[in-house]
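The transmembrane segment annotation in TrEMBL covers B:6-22, B:43-67, B:73-95, B:116-136, B:148-172, B:184-203, B:233-254, B:275-298, B:318-346, B:366-383, B:419-437, B:457-476 (among others).
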């Protein structure tokens, strides 16, 4: 599951070539800004999945 | 005295109080002072890191970029998100190693990993050269914010002095504990103020956020996306990737990692941080709102004041006071961390190396007394710094050059030697210094290249040369390093 974390990098390196545009507006935001915000939110979601499936995080706090 | 000023001063007093009470019940040895005794839970570690995101640079610069450059400003949202992904794996490893080896500063990390106090001295010197201009930007921002938000009744010079004295007092007394406590106040206030401004201003002036963007696109077609050359998509991607690498290589960000109680903290923060970063979206909204409403238009770096000028033009004095107070906190929280980190490095990684017989008490005492000294140096450059502008642009690129030596040190068998690290970092820094001071771009260095290569962030060149030198020197010095390692293991 940790390979999911590569997706935001792809969304930048590949995606920006397609997302660099003002139209269409989504939720009132120009497309490039919507794409940016979408991936910031998805990054949090992806890191949540990574956290939940990472065996290191089982068994509570270790210090 | 106007009501804006009263609000700002109340928050100033509150932050000094919080900073001072933070030391209660602690014996302030150097470990407590600089790493909080490695006792901080998720919230404090979170807020210490957030301290680096919401500085006066983001507050004024983020809106300034949206105002003055449009679409290219969005890179700020991207690099944070990508840096947090890296943090999930990087920070627990750094923390674990720091705890095992009782590290206090970032330079300690290099000294321990590469078994080389010389590398520690090099990293400290570069770190200080990068951090002082960072501190100066905070102070200049503080001056501008307080002068505008107090309607001129506090001059920017006086504001800077007040801010510096406040920070010096609580850093000397409480170290990183003081920073953590004032960070609670800061993030609480900034969150409320920025979200309010980011929604209210577009609605008030344009009837909504969507309407605002349509109006801007009509007045300045293409302004909201990236241009075809210059700050193009290639510039955007290379800049985001480079700045993401540099995010945690700042000495003060690195040292903040040591304060955590356990390594779970970082993995948990990596989930929340990207979302939390969206506060920046509202900072952008303010900058965009100013585009068609501030008359006459602000030119060049004056765009950094767009948030403040639009606020003064729109709100009653007490609201401006709250905005001024947020700006004040945005300067003094990172400022305190920078002061403390510089003082720790000078004392532990420079003074102690020159004078190995110095006792722990004297190193700790010196670190405390260095706080006002570093503060005075920063003040000097704040009031007399013309050349400092060149250094400012350089700071981020300087610390980014530490990244290879940090990451490779975590591989099972480190492919680079201490000499590789030393010469690689030096080579990278020389390229950074040369290209910044002579304002070279890739286009100027390599005029025969296609346009997309010319648009790449110049830092890429420095990073490539750094890597080449690192591996070349490592290949030549590998034998000596291996012998030294066997000697240690035996």
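Glycine is no exception: its Cβ is also placed from the backbone N, Cα and C atoms.
Proximity of the transmembrane segment (B:419-437) to the transmembrane segment (B:366-383) is not established, fewer than 3 Cβ-Cβ distances being under 8 Å for residue pairs spaced 6 or more apart.
The transmembrane segment (B:318-346) and the transmembrane segment (B:366-383) are in contact, since at least 3 Cβ pairs between them lie under 8 Å (pairs 6 or more apart in sequence). Outside the transmembrane segment (B:148-172), and at least 6 residues removed from its termini, the chain residues within Cβ reach (under 8 Å) are 1-2, 4-5, 8, 12, 15-16, 19-20, 22, 139-140, 142, 178-179, 182, 305, 308-309, 311-312, 317, 320-321, 323-324, 327-328, 331-332, 335-336, 339-340, 368, 371-372, 375, 378-379, 382-383. The stretch from B:43-67, B:73-95, B:116-136, B:275-298, B:457-476 that makes the most Cβ contacts under 8 Å with the transmembrane segment (B:366-383) is B:116-136.
Pairs of Cβ atoms less than 8 Å apart link the transmembrane segment (B:6-22) most often to B:184-203, out of B:73-95, B:116-136, B:184-203, B:457-476.
Non-local neighbours of the transmembrane segment (B:184-203) in the same chain are 11, 14-15, 18, 43, 47, 50-51, 54, 59, 209, 211-212, 279, 281-286, 288-290, 307, 310-311, 314, 322-323, 325-326, 329-330, 333; each lies 6+ residues outside the stretch with a CB under 8 Å from one of its CB atoms. Of the two recorded stretches, the transmembrane segment (B:116-136) lies close to the transmembrane segment (B:233-254), with three or more CB pairs under 8 Å once pairs fewer than 6 apart in sequence are set aside. Ranked by number of Cβ pairs under 8 Å to the transmembrane segment (B:275-298), the listed stretches B:43-67, B:73-95, B:233-254 are led by B:43-67. Residues 53, 58, 62, 65-66, 109, 236, 239-241, 243-245, 247-248, 254, 257-258, 260, 263, 266-267, 269-270, 273-274, 277-278, 280-281, 284, 287, 406-407, 410 of the same chain lie 6+ residues outside the transmembrane segment (B:73-95) yet bring a C-beta within less than 8 angstroms of a C-beta in it. Long-range Cβ contacts of the transmembrane segment (B:233-254) within its own chain (Cβ-Cβ under 8 Å, at least 6 residues beyond either end) map to 49, 52, 72, 74-75, 78-80, 82-83, 86-87, 90-91, 94, 105-107, 109, 123, 127, 130-131, 134, 226, 334, 337-338, 340-342, 345, 396-397, 399-400, 402-403, 406, 452-453, 455-457, 459-460, 463.
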